[in-house]
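**Q** Can you read through this structure? Questions will come right after.
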Amino acid sequence: MSEISRQEFQRRRQALVEQMQPGSAALIFAAPEVTRSADSEYPYRQNSDFWYFTGFNEPEAVLVLIKSDDTHNHSVLFNRVRDLTAEIWFGRRLGQDAAPEKLGVDRALAFSEINQQLYQLLNGLDVVYHAQGEYAYADVIVNSALEKLRKGSRQNLTAPATMIDWRPVVHEMRLFKSPEEIAVLRRAGEITAMAHTRAMEKCRPGMFEYHLEGEIHHEFNRHGARYPSYNTIVGSGENGCILHYTENECEMRDGDLVLIDAGCEYKGYAGDITRTFPVNGKFTQAQREIYDIVLESLETSLRLYRPGTSILEVTGEVVRIMVSGLVKLGILKGDVDELIAQNAHRPFFMHGLSHWLGLDVHDVGVYGQDRSRILEPGMVLTVEPGLYIAPDAEVPEQYRGIGIRIEDDIVITETGNENLTASVVKKPEEIEALMVAARKQ
């Protein structure tokens, strides 16, 4: 099974400690529970940074990494105590006794005692690393501990003089995926690909968009991915021109396209695939003409992405393909170079070509100005060109209301890239063949 080992979490914690100053502590807080309505909560989703260092999926938890000097450090987890009554109602808790063995931390303390314990752990240190402003409850806990230290000089207490945000360091770490992470992302891609394939096979005119949403989520669940990594987009007809359309409530009509942007979350990591296909299984000529431009853009990107390139550089090649294609169809008019200089493509391709992918679907990490950061092995990103012709656009009528995006997930390797989501078809003739075959079953 693809998952992150205890040893991997320990390596990550050690890697952060090595970047900390001597005489310091890093505090990483779990996400709080979020109320849905009245006394009902949303399904709990752990803070991605906390998960990155622990793999622990309970609220009311804090990881403390203490670096005394360059050779001495230790880890402390504050977490909820075992409580028979609470566990009958709401599920099992790990508790303090099992945490060191399960999670690989040095010791565990009760979260209910954090106000009595945290200031003692911080006493005498010079620096505290804390993501101030992320969670109000976390700021209250940290500020309370520091205030106790500042007021305790007569008891030989001293507070850290410096607070540093650990997020820039941690998010740079998260940008480069380990082999274990890539294996999990590969599985997330496989499950997501199977769900998109299922949607193509099940699609029929007269169904509603939410029917395909249900088929997709069913396939996620069948393979151990309980939740989507973001709100599923199923946009048929003109809805495909709305980038983050999530109502998913319209009837899918014969002759329309349907754009599906959906990904599963597997072991905390996100899949993210988009496919666009005809509701009736057969592209019209106008749909195919737009689709071919987007597909060429994707295939060119997949050839170009490798170490030493950048999102900015590859985007430039994609824009040229798009503008040239739109000129040939009469959607744009003029010289290709002049149109590119004028950003004439922006009304039809208004989002970025790629974003980082990992524990978050829009994962953390610096892109550089205009996404000019040079790509390196271990980076994982999406490739998602799209063209969206608004229903009221002043273009030839047959193209109005067509929205097409095609998206794959890749990891940059030493020699190029690996497509993590190649197993779901995207060539028009392959899509049509798949949908025709499904209708015969």
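Keep in mind that glycine also has a Cβ here, set from the backbone N, Cα and C atoms.
Feature table excerpt (Swiss-Prot):
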BINDING   D261, D272, E407  Mn(2+) 2 binding site
BINDING   D272, H355, E384, E407  Mn(2+) 1 binding site
**Q** According to DSSP, does D261 (Mn(2+) 2 binding site) sit in a helix, a strand, or coil?
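**A** Its secondary structure by DSSP: strand.
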**Q** Using the Cβ centroid of D272, H355, E384, E407 as the reference point for the Mn(2+) 1 site, which residues of the same chain not in that list have Cβ within 8 Å?
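**A** Those within range, site residues removed, are D261, I273, T274, S354, L357, L381, T382, V383, D408, D409.
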**Q** Hey, how far is D261 (Mn(2+) 2 binding site) from H355 (Mn(2+) 1 binding site), Cα to Cα, in Å?
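**A** That separation, Cα to Cα, works out to 14 Å.
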**Q** Tell me the Cα distance separating E384 (Mn(2+) 1 binding site) from D272 (Mn(2+) 2 binding site), rounded to the nearest angstrom.
**A** 10
**Q** Within 10 Å of the Cβ of D261 (Mn(2+) 2 binding site), how many other Cβ atoms are there?
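**A** Within a 10 Å radius of the Cβ of D261 (Mn(2+) 2 binding site) lie 25 other Cβ atoms.
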**Q** Between the Cα atoms of H355 (Mn(2+) 1 binding site) and E407 (Mn(2+) 2 binding site), find the distance and write it as a whole number of Å.
**A** 11
**Q** Whole-number Å distance between the CA of E407 (Mn(2+) 2 binding site) and the CA of E384 (Mn(2+) 1 binding site)?
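**A** With distance taken Cα to Cα, E384 (Mn(2+) 1 binding site) is 4 Å from E407 (Mn(2+) 2 binding site).
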